[in-house]
Amino acid sequence: MVTTLSYTQRAEAHPSPLAKRLFTVMEQKKSNLCASIDVKTTDEFLSLVDTLGPYICLVKTHIDIIDDFSFEGTIVPLKKLAEKHNFLIFEDRKFADIGKTVKNQYASGVFKIAQWSDITNAHGVTGAGIVKGLKEAAQETTDEPRGLLMLAELSSKGSLATGEYTKQTVDIAKTDKDFVIGFIAQRDMGGHDEGFDWLIMTPGVGLDDKGDGLGQQYRGVDEVVAGGSDIIIVGRGLFGKGRDPAVEGERYRSAGWNAYLKRCQ
């Protein structure tokens, strides 16, 4: 059963400080839009973040794509833009190893993701230890709230994240109520009758294109929000093919918000 509660109502009752903060930002900005910004230079990345910042609740990064990445040159300015425009940061790392390994990958190395990314995500393929390892890394790295999304479903053609795999990933999410805040999924993942209020973030959302020739399949905004998505993840629809990111940012923000208001009625 898809929830009809408002983001404000969900913020008030949610056990996760990070989810509370995200719901609050969404309500303040009247936005359930996450911008997925996959570009190869820091300058282009920061420019797009600054332009799209007013329209989004969340920016999604693949930080290892950036050729000239540096903590001081890329992350410090990104954090300043997050403060300026009031959005959160989601590093789409898709962790998929045993607990001890992901703990080090999350906290250490070149990217030090746990230091700056409010949200990250993980596959369920290695079992519940992945949640424990990532949570320990977050707690040992920062006093700021952090949240984890489990990858329950993907938007790519032929994805193996279906059926029993999806069900077991949901079971892994149930092992931690305050750190696991939700799923990357195409629909509502249930759990309401057991006291869970999971955020559903959905990639592969487009107002124009139906696919990209490389397996991505796009679905409409109204369809995914009506089906239980709380946050729509949009990438090339915002800035690809010569699009104006400010125009598209407002277009997708408005479409996403109106779809949410319809769901709440």
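Glycine too: its Cβ is placed from the backbone N, Cα and C atoms.
Copied over from Swiss-Prot:
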ACT_SITE  Lys94  active site, proton donor
BINDING   Asp38, 60-62, 92-101, Tyr218, Arg236  substrate binding site
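Location within the structure of each feature annotated in Swiss-Prot.
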residue: Asp38; record: substrate binding site; CB count, 10 Å: 16
residue: Thr61; record: substrate binding site; CB count, 10 Å: 26
residue: Asp92; record: substrate binding site; CB count, 10 Å: 21
residue: Lys94; record: active site, proton donor; CB count, 10 Å: 14
residue: Ala96; record: substrate binding site; CB count, 10 Å: 16
residue: Ile98; record: substrate binding site; CB count, 10 Å: 12
residue: Lys100; record: substrate binding site; CB count, 10 Å: 12
residue: Tyr218; record: substrate binding site; CB count, 10 Å: 19
Among Asp38, Thr61, Lys100, Tyr218, i.e. the binding-site residues, the one with its Cα nearest that of Lys94 (active site, proton donor) is Thr61
